[in-house]
Each structure stands twice: as structure tokens, then as C-alpha cells.
Amino acid sequence: MRLMAEGLSARRGEDLIFNDISFALAAGEALVVTGPNGAGKSTLLRVLAGLLEPEGGRVRLEDGPSGFEHPRELSHYLGHRNAMKRELTVEENLTFWQRFLGDSPGGSGIGLVEAAEAVGLADIIHLPFGYLSAGQQRRMAMAKLIVAFRPIWLLDEPTAALDLSADRLFAGLVAAHLDRGGIVVAATHQPLGFAGAKSLEMTGFVH
């Protein structure tokens with residue numbers, strides 16, 4: 001399977017944010033997207049996730065599972081917000097996402113306790129999400145990536161609020177996903193430690 005971006009452009013209001021962005025990622029490959037604030041990193045991820053229509057160009061899958069035409073159907077999107085209900089427990093939040101997303105063809109997610117263990121927080125899944133620190137909340141949002149299988153991970157500043165040990169833990173999750181043949185696109189201001197990752201620097205436009 002290959003994730004293809006072909007001549008993508010996008011606008012914010014009347015302003016063109018980026019133009020003619022193209023890349024191809026095969027199974028087991030990662031792309032790290034860098035650039036200053038306002039360069040369009042988050043917008044690019046939203047276009048890839050199918051949350052925003054591009055001004056031009058297209059996103060497509062090549063040699064993907066039968067019946068799946070757009071990457072959004074096979075993607076996890078982790079944005080700046082963690083997409084968890086503060087009043088629900090961690091376990092309830094992860095259960096919702098596991099059931100809502102289900103598994104894509106070619107793999108299966110792991111159990112809730114196992115996922116919480118993978119992010120180092122198995123002993124607090126009974127707590128309301130809102131009780132957790134910012135770093136713990138981000139770790140639990142990462143657990144959402146592994147309770148339901150999606151071959152494509154689209155990650156916006158994934159290590160925000162994480163300490164050094166959690167950074168390493170996250171890098172391990174990504175490495176395991178790539179080893180399974182997954183694809184990762186991550187926008188960041190910080191080094192992510194993805195061995196062998198491709199890179200895309202976005203500069204934006206001066207208006």
C-alpha cells in the first residue's frame with residue numbers, strides 16, 4: 001500500500017497556505033513535516049485525513065485494501081486536541097474509540113489494559129480523563145492509536161506536553177507500527193527520533 005499526495009494546495013480564507021505539495025509513502029515509511037507556525041503543517045494533515053478539502057491536487061491510496069479509496073478510511077488522526085471526554089474515565093474513553101473506529105483490514109487493535117500499559121499508565125485507567133496531567137492525557141491519546149488498527153497514522157505535534165521518557169515511549173510505538181507495515185505522517189517543531197524517516201519542510205507564503 002502507498003499513500004500518495006499529488007500537487008496539493010490549500011487555502012485559509014483568501015490566503016494560499018501551501019501549493020504543489022507531493023509525496024509518496026510506502027508501507028513501513030514515515031514522513032516528518034516541519035516548518036514555522038502558519039506554514040500549513042496542520043492544514044496538510046487535515047487534508048490527508050479528509051477533514052478539509054484541498055484547493056487543488058488529490059490524496060489517494062495505491063494498492064490499498066479492496067473497497068477503500070481514500071486514506072481517511074484507513075487513518076488515525078491525532079490533532080492538537082486529544083479527543084477525549086474529560087468527565088469519562090480513561091477506560092470509557094478508550095472503549096468508545098475502540099468500538100467507534102473498529103479495525104481496518106490487515107490488523108487488529110490491542111486490549112485496553114495492554115494499550116494503557118504500552119503508554120505506561122495502566123494503573124490509572126479508572127480515573128476520569130480530566131484528572132490526568134497534560135502529559136498523561138497526551139499519552140492516553142496515543143493509546144487510542146493502538147486499541148483500533150489503522151495502517152496510516154496522521155499525527156499533529158504528537159509529543160506536545162511529553163517528557164523525555166514519554167518521547168522515547170512514543171518513538172517505540174511508532175517504530176512498532178512501521179515494523180508492521182504502517183505509514184506515519186507527523187508534523188512537529190521538535191525532533192521525533194524516527195529512524196530513516198523522510199522529511200518535508202514547509203515554508204508557507206509571505207502575504
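Glycine is treated like the rest: Cβ placed from N, Cα and C.
Per Swiss-Prot, ATP binding site is recorded for GLY35, PRO36, ASN37, GLY38, ALA39, GLY40, LYS41, SER42, and the stated evidence type is sequence analysis. Among the features that Swiss-Prot reports, domain 'ABC transporter' is placed at 3-206.
With every protein chain in view, the residue among the binding-site residues GLY35, PRO36, GLY40 whose Cβ has the most Cβ partners within 10 Å turns out to be GLY40.
The most crowded of the binding-site residues listed here (ASN37, SER42) is SER42, judged by how many other CB atoms sit within 10 Å of its own CB. Computed over the domain 'ABC transporter' (3-206), the whole-number mean pLDDT of the model equals 87. Cβ crowding, taken as the number of other Cβ atoms within 10 Å, peaks at ALA39 among the binding-site residues GLY38, ALA39.
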